């Protein structure tokens with residue numbers, strides 16, 4: 001037999017080529033797995049060529065390392081056939097590992113086919129020598145080489161399948177796996193070479209007319225380095241592009257989540273908004289139908305929030321809403337839905353097997369929300385009115401439940417606020433009436449349906465008249481003359497009272513100017529300020545503008561503020577009243593005796609008169625307690641140098657008693673009913 005030898009440098013180079021080819025194959029397997037459609041096919045074809053060229057190159061580098069004492073060459077046709085076998089086996093391997101699953105039966109069949117393909121590539125490449133006589137193969141070494149090829153292929157397929165998805169340490173893991181696979185491929189090659197025996201006298205039929213060793217060396221090295229380098233460079237560039245795409249996708253996903261959050265949640269409190277609440281309500285209805293469940297809708301409105309907002313500004317109002325939302329969250333279960341509809345309206349969707357479940361929660365919320373808030377160094381107090389609608393008794397649809405819960409909430413407000421109320425069918429009619437009345441009220445200002453009537457104020461006991469109180473009336477086209485008690489509460493609920501109050505102030509100043517021009521220089525006019533109007537940030541400017549607009553001296557205008565309104569936030573009230581007083585406007589504390597005034601604050605208030613509440617006047621002749629209270633109020637007013645006005649005087653006995661106590665002026669039906677301006681002038685002519 002001819003004695004063969006190996007170039008150790010080329011043997012080492014063949015191992016390096018095998019490892020690089022293995023790493024390229026593993027990387028390509030990952031690319032094919034991540035890609036889809038035509039992109040996946042492109043990676044599969046490119047990966048098959050890169051891996052096939054790598055294995056083929058390793059084989060022929062190993063052949064270059066092999067030498068015999070005779071000239072050697074390689075048949076071009078068989079050499080190309082061996083290359084095709086290597087590429088085909090690689091394509092099959094990549095396709096196999098990119099499947100969703102790789103059961104052991106498929107793995108075994110794939111290992112057998114791929115191992116056979118690699119072995120066929122090897123022995124076809126050996127056949128390209130065209131040895132005469134033919135190469136003699138040792139059966140044991142031949143079988144061992146094929147077995148190694150099959151086992152190595154199985155290991156390569158399993159490793160590639162396991163590493164097809166990326167991880168943080170994927171480069172190191174693939175490098176280790178490529179080392180194992182490269183050693184296995186090289187082991188198969190050199191085991192196959194060990195099986196080959198060349199008889200003495202043999203010669204290479206391809207020498208001189210095939211590819212000689214020199215050209216083969218150049219061809220193999222150039223092709224090997226070019227293909228593997230191109231494959232790895234493309235893979236690295238794609239990996240970077242993929243990383244950037246992944247970052248972009250992550251950013252887009254985060255932005256999408258934020259957009260969904262903004263679309264479905266209130267930006268201030270982070271609670272679900274109306275859109276998400278509607279969806280939750282629909283789901284609750286479907287689940288209730290399916291599972292025969294019951295649930296409740298609680299419609300909550302904050303009492304006094306607008307006054308806080310106007311008095312302290314929107315920033316503090318926003319902080320208050322956030323705190324209210326936190327208090328609600330702390331008192332409900334995780335599975336319950338809390339939504340903010342806007343402004344100071346909240347809706348709760350809760351599971352309620354019995355009405356008592358909803359009542360218990362409503363009572364707890366009313367108590368919790370009415371507790372004081374410490375916000376930006378201010379102590380703020382509000383309350384909550386809650387309406388409750390139960391499914392299915394109070395509504396079968398989302399719209400019905402919301403409408404009925406809202407109607408129950410307004411009923412709770414009508415009952416005194418700071419409480420809750422279950423929906424009753426009778427509320428619907430009232431709700432419709434209130435809605436229509438509100439619609440008409442919004443148009444009343446535009447259509448000049450609001451008018452002022454004037455009630456005389458006279459010096460005790462019988463006059464003369466020293467002024468009037470302006471009282472609002474609504475001349476409704478269908479319902480006739482409507483008194484303030486019927487529509488002002490609705491105006492306060494909706495905030496329309498501020499706009500109405502500004503109109504009253506302007507109209508009163510206009511009328512007072514006409515009376516002054518008519519020679520009644522000793523008259524003044526009193527205008528009531530609602531709680532919302534008093535707390536409104538533009539009140540002082542509104543008063544100043546009305547006076548300037550009608551060229552009215554401030555001393556002819558008296559602003560009446562109820563005791564409870566003035567004392568709601570005494571420090572803030574003091575600032576407002578001092579600004580009005582500095583302007584020259586008279587200040588009257590209305591309904592005095594019904595609130596909770598501190599004598600210290602009362603002394604500091606720049607008021608010019610106290611107005612005794614009519615509730616104390618009604619029972620003067622029969623109730624000694626009321627008489628004692630009125631006597632005390634008169635004495636207090638004298639001590640503070642305030643004028644005392646008694647309203648609601650309807651009998652001569654009341655007139656005489658109040659005069660005897662020392663009231664400065666009187667007002668009531670006995671002395672004159674509220675009347676239009678023309679009628680008032682006629683009565684004093």
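Here, residue 1 is simply the first one shown, and the rest follow in order.
Backbone N, Cα and C atoms are what each Cβ position is placed from, and that goes for glycine too.
Note that the structure is a prediction, hence the values are computed from the model and not measured.
Under the heading domain 'MHYT', Swiss-Prot lists 6-199.
Here Swiss-Prot flags 9-29 (among others) as transmembrane segment.
The annotation transmembrane segment is assigned in Swiss-Prot to 44-64 (among others).
The transmembrane segment annotation in Swiss-Prot covers 77-97 (among others).
Taken from Swiss-Prot, the feature transmembrane segment applies to 117-137 (among others), supported by sequence analysis. Outside the transmembrane segment (117-137), and at least 6 residues removed from its termini, the chain residues within Cβ reach (under 8 Å) are 55-56, 59-60, 63, 72-75, 78-79, 81-83, 85-86, 88-89, 92, 145-146, 149, 152-153, 185, 188-189, 192, 195-199, 201-206, 210.
The transmembrane segment annotation in Swiss-Prot covers 141-161 (among others).
Counting residues 6+ beyond its ends, the transmembrane segment (175-195) has Cβ neighbours under 8 Å at 11, 14-16, 18-23, 25-26, 55, 58-59, 62, 66, 118-119, 122-123, 126, 137-138, 140-142, 144-145, 148-149, 151-152, 155-156, 159-160, 163 in the same chain. The transmembrane segment annotation in Swiss-Prot covers 175-195 (among others).
Per Swiss-Prot, transmembrane segment is recorded for 214-234 (among others).
Marked as domain 'GGDEF' by Swiss-Prot: 293-425. Residue counts of the domain 'GGDEF' (293-425) by helix, strand and coil are 56 helix, 41 strand, 36 coil (DSSP-based).
Taken together, the residues of the domain 'EAL' (434-685) have an average pLDDT of 86. Annotation comment: Swiss-Prot describes 434-685 as domain 'EAL', evidence class sequence analysis.
Residues or ranges marked as Mg(2+) 1 binding site by Swiss-Prot: 469, 528, 560, 590. Residue 528 (Mg(2+) 1 binding site) falls within a strand segment according to DSSP.
The Mg(2+) 2 binding site annotation in Swiss-Prot covers 590, 591, 647. When other Cβ atoms within 10 Å of the Cβ of residue 647 (Mg(2+) 2 binding site) are tallied across all protein chains shown, the result is 19. In the three-state DSSP scheme, residue 647 (Mg(2+) 2 binding site) is classed as strand.
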Original post:
Can you tell me how far the Cα of residue 560 (Mg(2+) 1 binding site) sits from the Cα of residue 591 (Mg(2+) 2 binding site), in Å?
Top reply: 9
Original post:
Taking 469, 560, 590 as the binding-site residues to compare, which has the smallest set of other Cβ atoms within 10 Å?
Top reply: 560
**OP:** Do me a favour and check the Cα-Cα span between residue 647 (Mg(2+) 2 binding site) and residue 469 (Mg(2+) 1 binding site); whole Å is fine.
**Re:** 10
**OP:** Would you list, in sequence order, the residues of this chain other than 469, 528, 560, 590 that have their CB within 8 A of the centroid of the site's CB atoms, where the site is the one recorded for Mg(2+) 1?
**Re:** 526, 527, 529, 558, 559, 561, 562, 588, 611
**OP:** Enumerate the residues of the same chain, 590, 591, 647 excluded, that satisfy the criterion Cβ within 8 A of the mean position of the Cβ atoms of the recorded Mg(2+) 2 site; list them in sequence order.
**Re:** 560, 562, 588, 592, 611, 612, 613, 614
**OP:** Do me a favour and check the Cα-Cα span between residue 591 (Mg(2+) 2 binding site) and residue 469 (Mg(2+) 1 binding site); whole Å is fine.
**Re:** 14
Subject >> Listed in sequence order, residues with CB under 8 A of residue 528 (Mg(2+) 1 binding site) and six or more positions away >> reply: 469, 470, 504, 560, 590
